[in-house]
Each structure stands twice: as structure tokens, then as C-alpha cells.
Amino acid sequence: MGASFPPARYSRVPPTITVAVAEADGPIDVEIALDDDIQDDPTELCTLLENENSAKTTWVTVAIAYAKHKKLDVAIEVLTKSNTVFARGRAEDRLSILNGLCWLYLLKCREAPRMVIDGHPNPQSRTKDFYIQAATSVLNDASRISPSYPPLFLARGVLYLLRSSLQAPTTSAGTNQMSSERMETLKQAAKCFEDALRSSGGKNLMAKMGKARVNYSMGKYAEALKAYQNVLESSPELIDPDPRIGIGCCFWQLGFKDDAAGAWQRSLDLNPKSKIALVLLGVYNFHRTAQLPPSDPGFLGLTKKAMSQYIAPSFQQDNMYPLTCATLGNWYVVRKAFDKVDVLSKRAIELTDVGAVASDGWYQLARKEHQQDNTAKAIDYYTKADQARGGDDRGYIPAKFGSAQMRVLMQDYDGAKFRLEKILQQQPTLEAQILLGTLYAEDVFAAQANNSQEDKSSELKKALKYLEDVSKAWKDPKKKATPDQAVLLNLARLYEADHPDKSLKCLEEVEQMELDGIPEEDYPEDIEDEALLKKALRELLPPQLLNNMACFHYQAERFLQARELFQSALNACVKAAGRDETIDTDALVTSISYNLGRTYESEGMLDDAKGVFESLLERHPDYIDARIRLAYIILRQNPNDEGPAAVSKLFKENDDNVEVRALYGWYTSKSKKKTLNFADDQEQRHYKHTLQKFDKHDRYSLTGMGNISLAIAREMRRDTEQDKEKRRKTYERAVEFFDKVLQLDPKNAYAAQGIAIALAEDKKDYSTALQILTKVKDTLKDYTVFMNLGHTYCEIKQYSRAIENYEAALAKDKARDPTILACLGRVWLLRGKHEKSLPAMKTALDYSQRALDLAPDQIHFQFNVAFVGFQIALLVYSLNDAQRTLAEVQAAAIGLDEAIESFSAIARSPNPPFPKNDIEQRANMGRNTMRKQLERALQSQQKYEEQNASKLQQARELREAEARKREEQKQKEMEAAAERNRKRIEEHQKLQERDREYMERRAEEERRRQELIDDSELRRTERSANRKKGGKRKKKGEMDDSETEGGESDDGERPRRRRTTASGTEGLTDEERPRQKKRKLERKNKEPIGKYKSAEVIVDSDSEGEADLPIDGSESAEEGLAAPRPRKAARVISEDEDDDDDEAGSRKAQNGADVAMDDDEEDE
């Protein structure tokens, strides 16, 4: 391979050359230095070579020497001069000169800039296009001399490759990765390399490499990989150019990143100075860091490895190599060394002939300008980075995203959305989804902040879609995406109105991320309980987060969790103030304390709530919300004295505050005198004054006006058509108030509920009312919603649903509300009458009695209890004897007497709930009719039960006898099953004992058999020893048994199968052991019986069918046979053959016959 490794490209250039110069005294040899002392100016040298008519090879050698010393312009000048000198000679002599000149132009093209960035171009500097045109001109001249000159094919192929790299990529999306012009150029390059291979008989390695490079440029990475591998197989010593670099690039494009790194590492092992392998391995290690979060321990190690082991050494070897400059420039962008970024990025853009590298350079310049707030330049550079990779529907995604970011900074939100949506159409990236979802979310938040009536449902859907896709991507382990708190907080705000549970879940995820981010040195000591530790760590979190989480728990009526979070938020405010003095903790503490007080209030801890609000007013006396809640608490604790005074005082001091006026209006509604005249209603006058003087759009006042109209309409008479019309108009006025509220606040649940009530009571439109109330129930957590749902279901006779809603209302801290209990009594009564169910009637009586116990002075509750008792008596009388019992009839009679007394007392009261005459008539009917009917029913029931008592006793005894019989039968079956199980166990034990005995016998037989085998082996060894002592072979009749068994051929034939000793003969000598029967072998010249030799099988007459079976697990005897003679029949020798068989077998072996071999010896 030469003295140096790797070999230099110009290794054949001699250090000096000798030129014969003609002189008067004769020619003189002039030595010209071609090493480091070579002349800078070739004019004198060219003149000498021209005058002395030097050979063409001399000119070419001088030009190569200049090229070796990186003086390409001088080399080009030398070859250009030589081309002029040899122009007077044969045209064919110029071909090699033109070919060399073309290669020098191509080399200059690789080193020349593709463009000049910033400033005026230097007239002396030429771009790649110039040298490509020069190389094309030279090739055309050479082709005119000889188009089939083989070296021209390779040069033209490389020229087409360089030209294709400078052509613009395609801008359209789809499978086509390049423009038609570039594809045509690459096809021309492939044709030239094919011609070069054909002319060289397929031996031109550079043509093979060029063909592989064409396939790679076309995107045919699998074909390119195969081509590079073929080059490596044919020339594994080739390292300049190195096919391993191409193999690695193909693996990279095919997605096998680790295999690519392996190929590049092998290239670096063979050539440690390979700048290409170094920078590619650096890129690979940077790629690995991109798969890890910055907090990963391996992130820093891989970054240092990429820079120190690969990128820096590559840059030291060639600081002008474009890929190295681009990679290093990206590193300096992260380090914010913008001066170096500018130099390296521009160098990469100017010198590269790869569009992707130029795109990286533009992108780094754009990021530099982006961070320096140079918006115009940043947008320009982002656009150029995108266009360098195709732009439009293809292009560079990070550059497109950067351009969208700049549009956001310029507040061109529509332009940013347009570009982000195009990015997502091209490739779904998390960053684009986050930014686009955030922009749409900001549109929604802005509309909410401005109380805009514009429909933002479309923006809401888009924001949720994009941000939810991002949150789903976090759960995909393949994407290795890190959760972003900003995304979760935006989702929480978007979910807040319609999905508070999802909003809370997002906040809890943010809380967990914050907890995970707390350093261990901040953990409290001596806390092992996990719940206590979490509570302590929460105090290190942002108090705003804890406050928001507590608010969601409060809305869901999880007051305990809300209270704990509010308390943790207050403690967090104190610690946050210690860490950062710029935080306005006073505002946070005020808001969180107010929320804590409201939580105490909802839990019924009025004293604690009162203390919180009083402490707030001590620090902020003008905090009107705290004063309102304090006055309300005092009113609840002292509804007669101090409470009304506190509310009135608050109203007088703040009569211009709509919130205070709302509280006073509520207080008025509870304490006013009822009236059916709308104009005379005190609450109505208060609301009207609020709307006229303070806020005509006050939603609370409008809703209160609607509720007043509903209450008046509900109590109005409906005897005449005029009364009915007046009542209908009152309902319509109520609906008008509610509709106005919904225009101001489309999601106002109280106004929607008012419309539902009006529809149910006035229009009897229960289905629409149910739809509205069902939606209101999801928003308004108030018992009144369940009450209204119960009323509506009751009207459409869905009593079970009505009962469910009434009980739900009762569970809303209203267990002692007599109104709800009375409603439950009413619906159970209706259900009992509908189903003729006495238990339902009893339940109705129970609820009515409970309501009366809570309000014993209320006449209508007394009437309800009496009425239910009366209805129970009617139902009991209507049932037949089989459907009731004597006790139920007696109880109904007692209830009827109590109902009659109650009706009489109610009729005498000053304000009966119904006309006095009607109540007295019902009492008289109970005395005169119902009481007699129940007496007859009591007699009939008593007679029925007496008559059926004996039948019932007989039936009871029969059932008991049947039960005893079934129990006895069950007991017998259990005993029979137990007996069967016992027998099965005994049989199993017997089988186990038999198997154990059988296995013991088998073991004993095996032991005896092994002893016989050992004895047989011992005897065989003794016979073999006797045979080796020599002596004449005895005749057959004179041989003893031991000699016959050991009789084998002297030519080294392997012994046959050992003889098996019969059971029971162990321990006997050969003379004492009974002789076994023998069979004689067939004579050698006997004709076969059948047509085929395999048909002849010899079987012992004493053991039929056993001769052909192997013993001791050995293989079939046929597998060990050989047939040297084609017509000779195979022999199968049984193991129980005697001495004669051994001797006959020995003679057969000497004659070339086949014998079966012992399995044991075969194993050896």
C-alpha cells in the first residue's frame, strides 16, 4: 500500500523532474523542483517546457504537482498553456490534457462559493457556476476530438452530479423529491457512469461510486446502499473516497441510525484523519441528544462527546468544510456566541453544494437575528432556509415554524395561523400544534375578558383539538415528548366552563410536575407519611395554582379538599414572599382568605367564616365582598334582631353597590308581605329602582323581577277566562325578564330555570321544561333544580324519577326542609293511588308526618296528614281480603278517626287551606260512610283470616315437611358423595402402591441387566486378550465358547453387538451357563429370495420379530449397514447370536461381507 496510510491522492508526483536543455556544448539536464520549493510563478517554467518541446507527460506532471500543493489556479494555467502548445500537434494528444483540465475545474467548483452573502462580490472570486461552465466547455472540446475517449465519461458524470446539486429542489408535495430538471440531470450522470463502466469492463471503481451517488441523490437509498456495498466488497482497501461513508448515509436515510454510525466509525478507524467521518459521527451523537430531555444524565455526556471527539477535530482539519461549519454554527447558536454563528453559517452557505447544508446555515442566521430581535432579517433568513429545501409545500419545517413565530411577535396572528396550519398539513409537529392551539385559545380568552357576544365556538374547538393532541402525544413513549405546563394551564382555562373535572385534572398534572421539580434539599425533614409530605411540599408551590384547584373542589362541593388547599395556598403565600419580594402576596392572601371564608360558610362553620371575614376587614375595611358575607352570616345566626340590622346598615352605607342591593333584595324577598299586586310588591320596587338608577342590565334584579312574576302568576285565580288571560300575561312578563337575562348572559342557569318553570306551569310543555332543567342541573348545584325536576316528573306521572329528584334535593343539606318532605309525601301518595300500593301510601303518610313534625303550626301540613290517612282508608276498603291483613284494616280505621278529627279542627281554623264546607263534607263522609265501610271490612277480614287460619297452618306444615325432606335428601347426597370420594382416594392409593412396586421391580431388573452387561464386557475383554497372544485358529468343533465369542478378524474390523445374557444366569461360569440356541448365516453364494436384496431379513427361530429391533436404545441395524456389492443382500444380526455367529461373522468380514456394527462402538 505504500509508505503512508492512507495514500495521498497525488502520491505519484515525483519531488523533482529533469528537463534536457539544448546548449552549444550539448544538452544540459535542468532539475526542476516539484516539492515544497516549487515556483509560485509558472511562467518561466512553462516557457522552458515550451522551448524544449517537453513531452506531454511532463506538462501534466508539473500541473499535478501544483494541484498537490493546492495551487489549483497555477495548475489550470499550466494545463491551459500546454493545451495551446499541443494545439499544433495531433488532436488526440490533447485529450489527456483536456481531461486533466476538466478535473481541475471540477475541483475548483467544489471549493468555490455558490453565492456571496452581504456586500459586493469580489471580481477575482468566481462561483461554482463559473467553474461548471468552464468544465463543460473543456469537455465539449474533448468530445469533439474523440467522443468515445473513456476518461471523459467519468468526468462528465461528475460534472452532471455537481450541476444537479446546484439546481433548485421541487416545491410541490408528494412522493417526487426533486424537480424534473434535476432528475433529468441525474439520469444523464447515471448514463455517463454506465458508459465508464462499460468501457472499463466493469472495473472502474470511481464509476461505481458515482453510480451509487446518483442513486442516493435520486432518493433510491436501498439501491445506493447495495452499490456502495458492492464497491466495498470488491475493494475493501478503498478509503479515499470511502464507500463506508456512503453506506452510512444510506443507512441513515433508511432509518437505521446506529448502523450508519457503525459504518462511519469503521471509516474513522481506517482513516483517523477523515474529516467527513468525524463530522458525521458528531451529527449522530447530536441526534442521540435530541432523543433525550436536557435533564437526562446522558445528555451532557453525549454533547461533550460530539463536540470534543468529533466536531472539533473535524474543524481543526478543515475549517472550510461546509457540514462542519453548519454543525458547529448550530452549537454556537445554543451558546449564544453570535459572532461565530455569523461567520460559520455564511461560510457553510457559500461553500456547500448541498441544499440542506445551505438551509441549515440560513436557519442559524435566522435564529441569531430572532434572538437579537431583528424581526425583518429573521423573517428573510427563515424564508431562505425554507426555500433552500424546497419551500411552499415541502421546505424546512423548523424554518416555517420560526417564520410563524415572527408573525406572532409582529401581532400578525392570522398570518401565523395560516403558516402553522400549512405546517401541520405537511407534518404534524408538537411545537406547531402547541403554538396554533395557544393562538386559538387566546382568541377565546380575549372574547371572555371583553364580554364579547361573538361566537368563538369554532376557535374553542380548534384550540381543544390541537392542545389535546399534544397532551396525548406525551403519553406515547415513542415520541419521548416532555409535558408542558403552559399547555396544561391553557387546557384548564378552556375546560373551565363546560368540563370543570377535566380542568381540575390538568391543574393536578401541573401540581405533580411542580412537586417533581422541587429539589431534594428543600424537602422537609422527619416526615415519612406520604400524605403529610405532600401537604408540606404543597406549601412550596405557586399559591395561584393551589387556589385554582381549591376553587374547582369548592364548585364540586368537595369542601374538605377545598379548605385544605386554600390553607396550603395561604402558607405558600408566606413562603413565596420570603423567596421573592416582588410578588404581591397581599392581593393573593386577600383573595385566598375570602375563598377560605366562603368554604367555611358552605361547610356550616359560620363562626370560623365570620372570623376570616372580620380579619380581612381589619386589613381592608373597604373590602365590600367580605362585608356582604359577614352581614349574611349575622343574618343567618340572628334572623330576628342583629341580622336585619346588619343588612340594613350595610345597605344604607353602600346603596349604590349592585352586590349590596342584590343581598338586600334577597333579604326583602324573605321578609316581605305576600301580595298578588305586582306594583305593590316591595321586592319588585327595590329591583325596579336598581334597574332605573344604577344598572339597567343588572342580571340579579332582572331575574328577581321574573321570579316575582312567576310567584304572582302561580297564585292568581283561574276561575274565568279573564282570570286565565291575566294569569297568562303575567307568565309572559316573567319570561320576558328571563329572556333579557339570557341575552346578557347566555349561560345564566337561574334565568333558564325560570323559563322552564313558566313553560311547565303555563304552557304545560313538560318535555321542553325537562330538557332545560336537565341542562341546568349540570351547571347549577342547587336544591331548587331538583325540586323543579321532581315537580315536572310528577306532572307527567313518572313518579320514580320524581322521587329520585326530591330525595336528591333533600340530600342537599335540606333534610329538615318541610316543603321537600311534603312534596315527597304527595308524590308517594300519587304513586300509591296509581299502583294501588298500600306500602307507598304508608310512605306518603310517613313523609307527611315528618313535615308536620318540623312545622306543627302549619295548617296545610296538618291537612296533608289527614288527607293521606283518609286515602289509606279508601284504599284498604277497596282491596279484597287476600290483599290486606287484619292489622292493616285496624290501622286504617285508627288513621281514619284521626283524619276526621283533623278535618274538623282544620275547618274551624281561621285560615283553612281549602273552603271550610269542603273540609267539613269530607269529615262527615268519613264519619257516616267510611267508618261503617271499614267496620264491615274489619269483620270480613277477621272472618276471612279465621277461615284461612287452618289452611294456612296446613300449608305451613306442608312447606316445613317439604323443607325437611329436601334437607334429608341433600344430606344423603352429601354422604353418598363423600363415600364416592373416599373410594376414589383408596383406589388412587392402591394404584400408587402398585406403580411403586412395579417401578421397584423395573429398577431391580435394570440393575441385574447392567450387571450382565458389565460381565459380558469383561469376558469380551478377556477373549480379545487371549486372541492377541497368537497361535493357530482352532477348528470349529475344537473351539470353546469364550474363543468363539472373541473370534474377530485380524484386519481391525469393529466388534459386533454384545451378547445379552438371559435373566437368572448371572453369577455362573461359562461352563455352567446354559447354551443359547444359534442360527447359522446364509451361505455366501445363496440366491436372494425376493426381487430386491432388502427383502432378505434373517430372524432367529426362537425370537421371531426381535432380530431386527435395536437394543439399549440403539438405532436400527439397517442404518449401520454398508453394501459394497450391489447384488449382495443386507444382513441384520441379532444381539442374541452365539459364538458360532461371531465366528461366521468374522469370516464374512474377511470376505468383504456386511456386518452390523455395535452401537456403543459407533458412538466411540
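A Cβ is built for glycine as well, from the same backbone N, Cα and C atoms used for every other residue.
Positions annotated as compositional bias 'Basic and acidic residues' by TrEMBL: 943-1025 (among others).
As annotated by TrEMBL, compositional bias 'Basic residues' applies to 1026-1036.
Annotated compositional bias 'Acidic residues' per TrEMBL: 1040-1051 (among others), in sequence order.
What TrEMBL records for 1084-1094 (among others) is compositional bias 'Basic and acidic residues'.
For 1099-1109 (among others), the entry in TrEMBL reads compositional bias 'Acidic residues'.
Annotated region 'Disordered' per TrEMBL: 933-1164, in sequence order.
Taken from TrEMBL, the feature repeat 'TPR' covers 590-623 (among others). Only residues 6 or more beyond the boundaries of the repeat 'TPR' (590-623), in the same chain, are considered here, and those with a CB under 8 A from a CB of the stretch are 543, 547, 550-551, 554, 557, 559-560, 562-563, 566-567, 569-570, 573, 629-630, 633-634, 636-637, 813.
Each residue of the repeat 'TPR' (783-816) gets a DSSP state, and the totals for helix, strand and coil are 26 helix, 0 strand, 8 coil. Summarising the annotation, TrEMBL assigns repeat 'TPR' to 783-816 (among others).
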Outside the repeat 'TPR' (783-816), six or more residues from its ends: residues with CB under 8 Å to it: 604, 749, 753, 756-757, 760, 764, 766, 769-770, 773-774, 776-777, 823-824, 826-828, 830-831, 834, 854
Per-residue pLDDT averaged over the repeat 'TPR' (783-816), given as an integer: 89
